[in-house]
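Engineer: Sharing a structure with you now.
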Amino acid sequence: MVQLAKVPILGNDIIHVGYNIHDHLVETIIKHCPSSTYVICNDTNLSKVPYYQQLVLEFKASLPEGSRLLTYVVKPGETSKSRETKAQLEDYLLVEGCTRDTVMVAIGGGVIGDMIGFVASTFMRGVRVVQVPTSLLAMVDSSIGGKTAIDTPLGKNFIGAFWQPKFVLVDIKWLETLAKREFINGMAEVIKTACIWNADEFTRLESNASLFLNVVNGAKNVKVTNQLTNEIDEISNTDIEAMLDHTYKLVLESIKVKAEVVSSDERESSLRNLLNFGHSIGHAYEAILTPQALHGECVSIGMVKEAELSRYFGILSPTQVARLSKILVAYGLPVSPDEKWFKELTLHKKTPLDILLKKMSIDKKNEGSKKKVVILESIGKCYGDSAQFVSDEDLRFILTDETLVYPFKDIPADQQKVVIPPGSKSISNRALILAALGEGQCKIKNLLHSDDTKHMLTAVHELKGATISWEDNGETVVVEGHGGSTLSACADPLYLGNAGTASRFLTSLAALVNSTPSQKYIVLTGNARMQQRPIAPLVDSLRANGTKIEYLNNEGSLPIKVYTDSVFKGGRIELAATVSSQYVSSILMCAPYAEEPVTLALVGGKPISKLYVDMTIKMMEKFGINVETSTTEPYTYYIPKGHYINPSEYVIESDASSATYPLAFAAMTGTTVTVPNIGFESLQGDARFARDVLKPMGCKITQTATSTTVSGPPVGTLKPLKHVDMEPMTDAFLTACVVAAISHDSDPNSANTTTIEGIANQRVKECNRILAMATELAKFGVKTTELPDGIQVHGLNSIKDLKVPSDSSGPVGVCTYDDHRVAMSFSLLAGMVNSQNERDEVANPVRILERHCTGKTWPGWWDVLHSELGAKLDGAEPLECTSKKNSKKSVVIIGMRAAGKTTISKWCASALGYKLVDLDELFEQQHNNQSVKQFVVENGWEKFREEETRIFKEVIQNYGDDGYVFSTGGGIVESAESRKALKDFASSGGYVLHLHRDIEETIVFLQSDPSRPAYVEEIREVWNRREGWYKECSNFSFFAPHCSAEAEFQALRRSFSKHIATITGVREIEIPSGRSAFVCLTFDDLTEQTENLTPICYGCEAVEVRVDHLANYSADFVSKQLSILRKATDSIPIIFTVRTMKQGGNFPDEEFKTLRELYDIALKNGVEFLDLELTLPTDIQYEVINKRGNTKIIGSHHDFQGLYSWDDAEWENRFNQALTLDVDVVKFVGTAVNFEDNLRLEHFRDTHKNKPLIAVNMTSKGSISRVLNNVLTPVTSDLLPNSAAPGQLTVAQINKMYTSMGGIEPKELFVVGKPIGHSRSPILHNTGYEILGLPHKFDKFETESAQLVKEKLLDGNKNFGGAAVTIPLKLDIMQYMDELTDAAKVIGAVNTVIPLGNKKFKGDNTDWLGIRNALINNGVPEYVGHTAGLVIGAGGTSRAALYALHSLGCKKIFIINRTTSKLKPLIESLPSEFNIIGIESTKSIEEIKEHVGVAVSCVPADKPLDDELLSKLERFLVKGAHAAFVPTLLEAAYKPSVTPVMTISQDKYQWHVVPGSQMLVHQGVAQFEKWTGFKGPFKAIFDAVTKE
């Protein structure tokens, strides 16, 4: 029964804790805080809670005469905790006439409590405040102790005061409506207080974790009627009464700790900062991961890191760290920023080491630049009575998974250390199985606390095999075995990580598990490596004995499904045990529970690691079952039926494999190490390592029955071991390898070789350990030779020969392959590098990757190496963070034959500047130029697929990061191994692009192509089979329709080039910063609308595809629509929108499966923007956000019903949600009921500027909001059948309305120069103004005088908006410019004058843009780095041409001219990096090796070409034949429309030619954009300019 409890703080019983105490709450406030005015303050979310409404009504009813109750509601979220909100509340209090006797009642979470407390501390120089916390975090933390504050833009809680409340009234009932994640978030502070102060409460929390999580996870959303407004609200509801006693106690006990600490240290001078345990590091993570991560989640990670820091210092035991980590996980909190679910929640944000340390430096506990951290001594007790100083070096080590090991230089030769390794993994796992199957209680001591045993304990618990509890502050595990009778199938898969021992033992145990009415099987699974490790021999034996087992993925490996309604028969069982002795132990331990006595016969050769089998048999004997070894049959055992009887206590011997590392440290450093609890009586084979390996290598060994001491010889005098059979201790071979690496002798013929055999099983451990050692030793300069069942290590002549692992780019890390033994072995060798150098020599450390993998067997190894053995360690930013910046991930193109892979691969390579490899051609090169078709005829498809896979894996391995395009054969996806390789490459950041087109067109084409191998089956069947594989293996796709004309072909090329540039990040997707718009398409099929799509998009920065309006949602149809749109609009950015019905669209609200598929199509097609509704299920939102790649996300919310005014909390909540999701743009659409709704919207817009915001009102009353919206305003077009939303306007309508409001000022623009009578500039610009509804006017100003232009226009026309400058003023006008663009400076002329305001002007030149954009628009890639350029002529325009070709990436530009003497001064006047080569003679052209694919003619067009110049030109035109794209020549002259240069280029040499009219219009459109900020409607302008 929950009683009202009162907790004293600072000498007063003011903290009251209870359940459903609203009567007491009202009575306490009114009785003990008499006042004329009570002010209840809360946020709008709390107003929806019935319990709050009940409290307000009761408060009103209980007011004494002469008192009044005011309520003040603020918007929810951290943004309300501001100076502005505080000021608004203070103004409200003053207006309402509140005086010094006012009592503030803060009802809410930490934001409300902090802010209202601060208002109370300053209003009228301090009024009374009562805290009524409603969140768990507020109840146990922020409401207690009197800390109040607000946030500023420079940091949280920087402005505030200590102001103790009169009461803190804690009612557990508030937690019923607390959201699940907030509930779990609060548990971090609860666990923290128990951790630092109350060990008994920590133990109680441990035992109630599953109850808590079950109840909290069972929370449901319910609809309730608001008692104050009669509105229907939806709130979360948790069944608190199902865990009321636990919740009450956890809140009460946590409050007691904080109250006691605050009472001792109110102003946080010493003891109170112990409450900051987990916060020093946690706050640093929070600073980076906010708002995605919550405070408690970051503190949880911080607690684990700070506990690991204490363990690193040798203060906290590994067991205590494991307990803390386990309890946090049990309550649903993260323990590492790298947990998969937490990374997805925080949107894969990086937490760089330097940023974390920088954030940690801003901490009130610090003293100057010295950082302080709370150090834990044990669960329930801190080290010292305040935080301790910690170095950045130690923090770096704790905060990263990459470790720097410095040379073992300062370790004294006479050092003697005693090291106790953790309990044996092998014995720990066996003891847990035996105790779970046994009857009675068994106290297991020195159990290894590691990933392996954690998985085993979890499995035993989930299978209800035993009751598990802890004693001795978690050091002793108490197993209450039930004799196997309670083993029951569990519904969830048992995840075992990379725990091979647990997986093998549990496979046999699964055969003894009973079915339940709802569950007839169990699933065992693990991580990626576990799903490669073998388990087949064990499964085969169990299957043969009657247990039904299925493989769920790879044959012979986890995951497996074990059916629990089959039986473990017993009798004779044959088992192949040449790979792992764990198979044998697994069956041995479960055999007594079979239906019949078991005879276990080991077949297939000599069993591996027989000592481990002997260990199992000896342990079974301790638990009451005697195994008899056959005297007549080798390797055969008899196991009787029976039950284990648990010994009252079982002490786990230390792990002998782990003991090899400190013992080897002694050997390598010439020091002495003693392991006091492993001797010659050990059950473990690895106990022989010191005697059989280190002693013959020159070490002094002292071994008793229970201890081992190793003293190493002087450093550098270890001897190689000619031969050692390590079969009895296979896991120790890695340690032997690193010792052998620095062993040498005086025999010139020995090559310092140590030969190790008997370890073949080590190839199928956590990794292929023999290969791993060979690979990593080579990085240190140590050579090895692999043997069939072992390895030879060729030691170095001197330790000084050891190298720091590095490559051409600098130091590299030692890869540990997620293998604990690899990591620990190389931590020793790493310290020997440079250890013999002079003391003052700077020595580079060795980097070890993935240090946390040692957690499998020795989580505290690094702590022992550092604190016990004296090694200097540091942490470092992961190498991949720096190396990946420089890598150029390759592109793999897959798809059916005839999908266009060969052509598009060339385009791809050209667009990115990558190298191209056709894998079919590479195949032929590697097979003596035999064609694929011939190879298939001779060897069959299966052999070809094997070779194809091998080649693919090789090129990815060697060139996956080096900027290649790999064009594959259509059938590469037929091979499962190839599919895996493709998926692995995609998941590593590579680009796998699925190229596809209409299958019917493909079939027609393929049936008529004799050059390709014949299909055995019909093409359609092949497509049906492969289609899913293509989609599964690719992370991007491109729909490439067949092209029937060259113009279509070039349009497709431009479309693809922009697509590939977008998905690879070469082309950045920009969110417009100024006024901009997107048009909303409402067609059901774009196929028939291609002619209209360009004019529909005039004036827009993006186009929205309303997918919910499309005729069907199939992947092919939708992809085709995107392709059509890109091609027709020259790849204007696409907004991909699927609008659901409840958000005003056509898409069914609950069709989430189809919705996911559509979003997948969008992201694979690399759409620039994706509209994500904020009302969708959270899992869909996070899935899209985490897969978005370069796509920008628009978080949208629409109020079609007009339910919410713009000052309603709904919009604030949705905006905060959008911030949490970290969308790129927020889009809110309301409904204007009256004109005032637009004013409220503008206030909202004005106060929400931290994300680009599209905010508009629907209906005609809301039109003004569309005019005032300044980023990506949704618009319609007169060419659309209907608008996408009520009240939508066209771009022209918006501009005209905005002009009428004074938003756009009418400008006068001119073309200046002489003669300009025939200038097309006025019609060019005025056409654009008319179409876009702009008020400007473009006219002619004819003059030869730049002075006159300055007087009349620059100085004399107040409406001057810009000038297009033509001859003869392009040079003269420059003197009047205040700024010149780079283009104007280099080209040496100005053709565009841009007003900057205040009578200042910028001179620009857009001729080069006219050239560049005209070329790109005609199929020239945006980057042509592998092609040279050519300029014909050396006049003024040639400078713009050279500038343009350089901007396209031409590495070399040739220039020819009739008068060659003009070339040299021209070239010398331009930057040397343009690499311009002037051609003096025709002969020199023959020696040019480069392909020339792009040219610009700048010679007069009205005269015939000089013969010499013509000869040079023709020799260059020949060089276009082998360019990577259709060679293209631009004619700079506008008239005549066809020039002599164009004729000869096109007719004789098949160059594509571009008329000068296109350059004219492109440069004019560039001017248009610079002057107006709008993209010019190119097609309409071009038609107007060229219509005569």
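Glycine too: its Cβ is placed from the backbone N, Cα and C atoms.
Keep in mind that what you see is a predicted model, and the values were worked out from it rather than measured.
This is the feature table in Swiss-Prot:
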ACT_SITE  Lys1227  active site, schiff-base intermediate with substrate
BINDING   43-45, 78-81, 109-111, Asp114, 134-135, Lys156, 174-177, Asn185  NAD(+) binding site
BINDING   Arg125, Asp141, Lys147, Asn157, 189-192, Lys258, 272-276, His279, His295, Lys364  7-phospho-2-dehydro-3-deoxy-D-arabino-heptonate binding site
BINDING   Glu189, His279, His295  Zn(2+) binding site
BINDING   Gly895, Met896, Arg897, Ala898, Ala899, Gly900, Lys901, Thr902  ATP binding site
REGION    1-392  region '3-dehydroquinate synthase'
REGION    1081-1293  region '3-dehydroquinase'
Engineer: Provide, as an integer number of angstrom, the distance between the C-alpha atoms of Glu78 (NAD(+) binding site) and Asn157 (7-phospho-2-dehydro-3-deoxy-D-arabino-heptonate binding site).
Structural biologist: 11
Engineer: Spatially, and counting Cα to Cα, which of the binding-site residues is closest to the residue listed as 'active site, schiff-base intermediate with substrate'? Options: Asp43, Asn157, Glu189, Ala898.
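Structural biologist: Nearest listed residue in space: Asp43.
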Engineer: Show me the subset of Arg125, Asn157, Met896, Ala898, Thr902 whose Cα is within 10 Å of Asn185 (NAD(+) binding site); these are the binding-site residues I mean.
Structural biologist: none
Engineer: Looking at the binding-site residues Val111, Glu189, Arg897, Ala898, Ala899, whose Cα is closest in space to that of Asn157 (7-phospho-2-dehydro-3-deoxy-D-arabino-heptonate binding site)?
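Structural biologist: Of the binding-site residues Val111, Glu189, Arg897, Ala898, Ala899, Val111 has its Cα closest to that of Asn157 (7-phospho-2-dehydro-3-deoxy-D-arabino-heptonate binding site).
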Engineer: Say you check the Cα of Leu275 (7-phospho-2-dehydro-3-deoxy-D-arabino-heptonate binding site) against those of the binding-site residues Lys81, Val111, Met896, Ala898; which is nearest?
Structural biologist: Val111
Engineer: Please tell me which one of the binding-site residues listed here (Lys81, Leu175, Ile191, His279, His295) sits closest to Gly900 (ATP binding site), measuring Cα to Cα?
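Structural biologist: That would be His295, the closest of Lys81, Leu175, Ile191, His279, His295 to Gly900 (ATP binding site).
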Engineer: Rounded to an integer, what is the Cα-Cα distance in Å between Glu189 (Zn(2+) binding site) and Leu175 (NAD(+) binding site)?
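Structural biologist: Per the Cα atoms, Glu189 (Zn(2+) binding site) and Leu175 (NAD(+) binding site) stand 15 Å apart.
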Engineer: Measuring CA to CA, name the entry from the binding-site residues Ile191, His279, Ala898, Ala899, Thr902 that ends up nearest Lys81 (NAD(+) binding site).
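Structural biologist: Spatially nearest to Lys81 (NAD(+) binding site) by Cα position is His279.
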Engineer: Using an 8 Å cut-off from the Cβ centroid of Glu189, His279, His295, can you name the remaining same-chain residues around the Zn(2+) site, in sequence order?
Structural biologist: Leu137, Asp141, Ala188, Lys192, Gly278, Gly282, Gly296, Cys298, Val299
Engineer: Rank the binding-site residues Asp43, Glu78 by the number of other Cβ atoms within 10 Å of each Cβ and report the first-ranked residue.
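Structural biologist: Counting every other Cβ within 10 Å of each candidate, the maximum falls on Asp43.
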Engineer: Comparing the recorded positions Arg125, Arg272, His295, Lys1227, which residue's C-beta has the most other C-beta atoms within 10 angstroms in this structure?
Structural biologist: Lys1227
Engineer: Other than Gly895, Met896, Arg897, Ala898, Ala899, Gly900, Lys901, Thr902, which residues of the chain come within 8 Å of the ATP site, judged by Cβ distance to the Cβ centroid of those residues?
Structural biologist: Gly970, Leu995, Arg997, Thr1002
Engineer: Can you see whether DSSP assigns Arg272 (7-phospho-2-dehydro-3-deoxy-D-arabino-heptonate binding site) to helix, strand or coil?
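Structural biologist: For Arg272 (7-phospho-2-dehydro-3-deoxy-D-arabino-heptonate binding site) - judged by DSSP and reduced to three states - the answer is helix.
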Engineer: With an 8 Å cut-off on Cβ-Cβ distance and a minimum sequence separation of at least 6, pull the same-chain contacts of Ser135 (NAD(+) binding site), or say none.
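Structural biologist: Expected: Gly108, Gly109, Gly110, Trp174, Leu175, Leu178, Glu182, Gly186.
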Engineer: Where does Ile191 (7-phospho-2-dehydro-3-deoxy-D-arabino-heptonate binding site) sit in the DSSP three-state scheme?
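Structural biologist: Helix, per DSSP.
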Engineer: Residues with Cβ closer than 8 Å to the Cβ of Gly895 (ATP binding site), same chain and 6+ apart in sequence?
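Structural biologist: The answer is Lys901, Gly970, His994, Leu995, His996, Tyr1030.
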Engineer: So, in DSSP terms, is Lys1227 (active site, schiff-base intermediate with substrate) helix, strand, or coil?
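Structural biologist: The residue in question, Lys1227 (active site, schiff-base intermediate with substrate), is strand (DSSP, three-state).
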Engineer: How many other Cβ atoms are found within 10 Å of the Cβ atom of Glu189 (Zn(2+) binding site), counting all protein chains shown?
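Structural biologist: Other Cβ atoms within 10 Å of Glu189 (Zn(2+) binding site): 25.
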Engineer: List nothing but the one residue from Lys81, His279, Arg897, Lys901 whose Cβ has the fewest other Cβ atoms within 10 Å; the candidates are the binding-site residues.
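Structural biologist: Arg897, out of the binding-site residues Lys81, His279, Arg897, Lys901, has the fewest neighbouring Cβ atoms within 10 Å.
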